[in-house]
Amino acid sequence: MKRFRWYFLHALLTILVSLPNVADAQNSHPISTTDLPLNDSVMISLLTCGPGNQVYSLYGHTAIRYRNKMTNEDYVINYGMFSFHQKHFVLRFIFGLTDYQMGIIPYSNFIDEYLYEGRWVKEQILNISPTDKHRITLAIHHNYLPENRVYRYNYFYDNCTTRARNILLDNLSYKVYPRGNQLLNTSFREEIHKWNQKHLWARWGNDLLLGMKADRRISYKENEFLPNQLSKDFDRAFFYCKDGQKHKLVKYSHWLIEPTEFPNTSTSSSWLMDNPIYSIGGFCLVAFFLTIYEYKKRTYSWAGKIYDNLSWLITGAAGLILAAMIFSQHPTVSLNLQILILNPLHIGLLVPPFRRNRRFQIYIYICLLCGILGAFLQHYASGVLLLAFVLSFRAIHVFTINRKELNT
């Protein structure tokens, strides 16, 4: 159970955090803005970092590298800085009220951290004019002012990757292609699945908290919330100069730290508790054997009563979390049909007056039925639909036994 709580807590934090790096922005270094536009000593590049082993670093990271050969400045602009020690951090996290901030750190410190963690880093040197480099430098300097560096984090629409993209592309003197709102044949959930498929509890936590809106088709621009996707789009991007010539946005790419293996190839443990479908399946299997035993004995056993109360308690507690998500500022979590199965009303079945109330029971059964039908509209976390069938099956079984006992 301790292992389950540990995984569930980290899975909960994972869906609310896509950024891997925790740092202290107070120790950051400002970038000089004295470099003139006509001086091409500045090099600006996009840094894409591979996933880590921690749950909160599964999706990688994006940053900007600024180098000035004239002043020997070499800094990394990082929009992923936060601290777990902030007051009421977890509650603010859950309700989408967490503030992140921009930081500027020496390149050597940045790269040493990723060398230590064994994560790859790719650099894409931008093919932009000295004038645009200066514009980006001024924008970074303005963004780093104390009153501007803090921003309200949004894991799909306003994170470290989208911030880096915007400050680069929004300060160019030309339009970059392809970049638009045309819909792709993918969704937020499907894109996340590509990066957490080997981390089953994290994936389960994601699927549990994400609602219907996470299954809609997303646009080309929306898909750039993930670091690796933005890197791919930069490789494909191009622009037209005033003379009509076509140029690639990225001059060249290279590895600062080469990957030693494909992302997320780490294998999961073989323990049953490390796989949510096995854990839920085992829980449901107990219900199957209990029901067979009670059917043969034609009685509602003490073991069955304990099991049912535990089922209502667990699903009701999970429902309270989903109910809290309704008030969260995070996108795609408010409309979640899984709350019909993991229903906070289940806790009421632990109280005798509600448990004996036929109308209250009917409400629960209707919610379970609607939750099962809702699987046609929304992707559910692994095992949740199976759990819905088991809860319904047990409810019908107990109702049948109690009616027979009353008739005898």
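Using the three backbone atoms N, Cα and C, a Cβ is placed for every residue, glycine included.
Automatic, uncurated: that is what TrEMBL annotation is.
Summarising the annotation, TrEMBL assigns signal peptide to 1-23. Under the heading domain 'Lnb N-terminal periplasmic', TrEMBL lists 40-169. Taken from TrEMBL, the feature domain 'Lnb-like transmembrane' applies to 274-403. Here TrEMBL flags 277-295, 307-327, 333-351, 360-377, 383-401 as transmembrane segment.
Under DSSP, residues within the domain 'Lnb N-terminal periplasmic' (40-169) fall into helix, strand and coil as 44 helix, 44 strand, 42 coil. Long-range contacts of the transmembrane segment (333-351) within the same chain: residues 15, 208-213, 309, 311-313, 315-320, 322-323, 325-327, 360-361, 363-364, 367-368, 370-372, 374-375, 377-378, 380-381, 384-385, 387-388, 391, each at least 6 residues beyond the stretch ends and with a Cβ under 8 Å from a Cβ of the stretch. Note on the transmembrane segment (383-401): residues 204, 208, 276-277, 279-281, 283-284, 287-288, 291, 294-295, 298-300, 304, 307-308, 311, 315, 338, 341-342, 361, 364-365, 368-369, 371-372, 375 of its chain, located 6 or more positions outside it, place their CB under 8 angstroms from a CB of the stretch. Across the domain 'Lnb-like transmembrane' (274-403), DSSP classifies residues as 99 helix, 0 strand, 31 coil.
Long-range Cβ contacts of the transmembrane segment (360-377) within its own chain (Cβ-Cβ under 8 Å, at least 6 residues beyond either end) map to 212, 337-341, 343, 345-346, 348-349, 354, 385, 388-389, 391-392, 395, 399. Looking at the domain 'Lnb N-terminal periplasmic' (40-169) alone, the prediction's average pLDDT is 92.
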